[in-house]
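Feature annotations, courtesy of TrEMBL:
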TRANSMEM  C:12-30  transmembrane segment
DOMAIN    C:69-259  domain 'ABC transmembrane type-1'
TRANSMEM  C:73-96  transmembrane segment
TRANSMEM  C:108-128  transmembrane segment
TRANSMEM  C:134-151  transmembrane segment
TRANSMEM  C:189-215  transmembrane segment
TRANSMEM  C:241-259  transmembrane segment
Amino acid sequence: MRFLAKRLAGLVAVLLVASFLVYGLLYLVPGGPMAFLLGNRSGTPEQIAAIRAQYHLDDPFLVRYAAWLRDAVTGDFGTSLVYRQDVSALMASRATTTVFLVVYATLLIVTGGVAMGLLAGLRGGRADGVVTLVSSAFLATPPFVVGVILVIVFALGLGWFPVFGAGSGFGDRVHHLTLPAVTLSLASAAFLARVTRASVAEESGREHVETARSRGLAEGHIVRRHVLRNAAIPVVTVAGLNVAGLIAGSVVVESIFALDGLGSLFVRAILQRDFAIVQAVVLVLVTAFVLINLVVDLCYSALDPRLSRQ
Amino acid sequence: MSLLTLEGFGLAVPYGRGRRTLVEQVDLTIGRGEAVGLVGESGSGKSMTARAVIGLTPPGARVTGRIVFDGAEVPSGRALRRLRAERIAMIFQDPRAHINPVRSVGDFLTEAMIHNLGTPVRQASARAVRLLKEVGIGDGERRLRQYPHELSGGLLQRVMIASVLAVEPDLVLADEPTTALDVTSQSEVMAILDELRRERGMAMLLITHDLELAAATCDRLAVMYAGRIVEDIDGEPRHPYTRGLMRSRPSLEEAVHRLPVIPGRPVAAFEAGEGCAFGPRCDLAEPRCRETRPPFVRGVACLRAEETA
Amino acid sequence: MTRRLGGPGVAAAVLLAAIVAITLLAPLLAPYNPDLPDLFNALGGATAAHPLGGDALGRDVLSRLMYGARTTLLAPVLVICVASAAGTTLAIVAAWAGGKVDAVVSRLLDVLFSVPGIVFALVTVAVLGPGVPGVVIGLAVAYTPYVARVVRSAALRERGLPYVAAAWVQGRSATAICLRHLLPNLRPIIVAQSVSALGFAVIDVAAVSFLGLGVQPPTADWGLMVKSGLDSAMRGQPLEALSAGLLIALVVAAVNLLGDRLGRQS
């Protein structure tokens, strides 16, 4: 329990620092926040006044930050300069696609990556060689290249999947998001396969496995109870970190498949210098990373009794 | 009839394109309830020999000779598993590495009972607590819930001994059971192991580098050097290597300013030349010792054994 | 060196050297001006004159690939140089100072490490505007912990060795010990870690360019070519996207393999 409390305190500290940086970035821009917020748009005096009011530009910096943070905590990230809409509403409508995509890709990674890794680690020999080769290729290919190749082959060439859009309804969504999810997951699945393989191979050679063998336990039982159980510790860690990577990767994948998710909203906001959205998305991303890290740490200590009781 | 017999046992492991011999021409017998010590330095092949009895050989290893247990050659596959599960148990050197760190002590103790002997979980736990008491661990219920990192090395080795007792095997292979422990718990653990083994009439093959410890606990001793048995000790040691081992350990009775050491380093079987493997380190070596491997005659493999006796 | 890398390692090094050489000699080797549109070659297929066809504006894809390696490779190299320098400095300072300094630096590195590199690049680009400088700065920050974490633990190990104490007793200054002894001994680890980070940096830089936030058109760049190639592919001509994408994958694979080999023996 103390462990959890300590971790939560650390989490809040990280989020505070991150929010401060995200907010402060606005003031690092050459020309100051006003020039930045307006970008290459020429604002009417009323617009400028509205911006000054929205960003509280006449208050001292810390007061402005505090006000912004208070709003952000309650889910109010201000109004988009481009869309003239509530940032939270803009994000909420797009979050579904991104979350669906990331969850879909996570499932693919965990099932595919672990299965490949187990195959290579337990079977060895030729299976090991094939998995190592395939995972090297997947690791070296950037997701946007994978995506473009998949589009060219499966969407444009074979016509099995749609090229664009996120679809509506569960089945249609799955159909639309299959290529994006595969794109997003290949490299991470390859990495997870490698980690699983290495971890399983290492655990198989441990002394306590020899003990289990010397006691005449069945091989399947040894693999399940001793090899896999112990190998799960690094695998869970890496899987968790990979999910964080997936959230970042979804920015690229949404751009390839023209999906209207948080990622494409983010990219457009950067191009259009719509800073309220940039701040909000970054804060949400960082929160997601930090939360995932927390979950990974909790899993870690649940899996490894050497950590949880200290 | 003897319980375990090794006849001309040898073991070679793959190395590069060829093989390297680690053990050769080992003959050894252990009777029912008898304790036999196999003494030698690290690399002499004594651990490999013990592991080979239950088929725990390194991948790709080639075994020669015969290992006969209770009248039948040691089998493979399912029958070998039953042999390991019910009749021969092994105690390893480093309990911290040889007990799964992420499973509780209770899991470790009851695993074999539940999965090999079909004991119901509750009974297995009760039995584990009784066994812990026998090896001198009082608060068994609490210990079962603990994890290996919460126990000292000495306690953990007692847990390992308890897990072996649970099976009531005919033969215990003890591979340096006290070497990894601190000096104070070494003698306690050895005493517990020896006492409980005798009570139950189990035979034991004790692998150790400690001649004195082996002499104190075992009925018979064999000394291994470079993958071969060089002497079956019967009374006074006769092989120069055995004598060297005796001299080079501190004595409690007399103060010695400097312990005599055997010069040189121990060699593995594949490093030994034509003649006596110990020859290069032996202060009694003669030219003829370099020519042929001394035959094993009347319990010792030394050409000069008769003269020096 | 050759034996240390092994056959595949040497092959990877040769491949990378060849790509760098072709890029440097692009003005001599490229059959066409990479920026010159040619309407007759727009979305053209592979011909003897244009072995990899033309892009949407009819520019020669092969020539653009030759020139394009400049930004595709130079920006990641820059990222890793800055990240390695910053990471090594931080790591050695933390390992040497120990105590609170080390705790704070390590915690900071852990947090930075948990945020994917591309997010840093996007944030700096948001502030500085689209273009290579923002991408390089953001990724340099992102890769600093990647180098620093490994170097720090190696430096801690090294610091505990007797020769450091010996130099200390001889009255050498901390700076001198770090520069003369620690740094040279850590070099293999720094190099191996930097090379394996380079593989990820190539992917990240190309990805940001693909998003339209890095290298800006009309500059020839592999990441951008994948993006414009995707449009061409929709219009029936996949050569540009495939060739640029494959080249990126090849370079990353070679760099990864090199990093793997270097890491194995450090």
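Glycine residues also receive a Cβ, built from the backbone N, Cα and C atoms like all the rest.
If you look at the transmembrane segment (C:189-215) against the transmembrane segment (C:12-30), you find fewer than three C-beta pairs under 8 angstroms, all six or more positions apart, and that falls short of contact. Counting only same-chain residues 6+ beyond the ends of the transmembrane segment (C:73-96), those with a CB under 8 A from a CB of the stretch are 19-20, 23, 102, 105-106, 109, 132, 135-136, 139-149, 151-152, 155-156, 159, 174, 178, 182-183, 186, 190, 193-194, 197-198, 201-202, 204-205, 214-215, 251. Packing against the transmembrane segment (C:134-151) from elsewhere in the chain are residues 75-76, 78-80, 82-84, 86-88, 90-92, 94, 105-106, 109-110, 112-113, 115-125, 127-128, 186, 189-190, 193-194, 197, 200-201, 204-205, 208-209, 213-214: each is 6 or more residues past its ends and has a CB under 8 Å from a CB in it.
Within the chain carrying the transmembrane segment (C:241-259), a Cβ under 8 angstroms from the stretch's Cβ atoms is held by residues 5, 8-9, 12-13, 15-16, 19, 52, 61, 65, 68-69, 72-73, 192-193, 195-199, 202-203, 206, 222-223, 225-226, 229-230, 232-233, all 6 or more beyond its ends.
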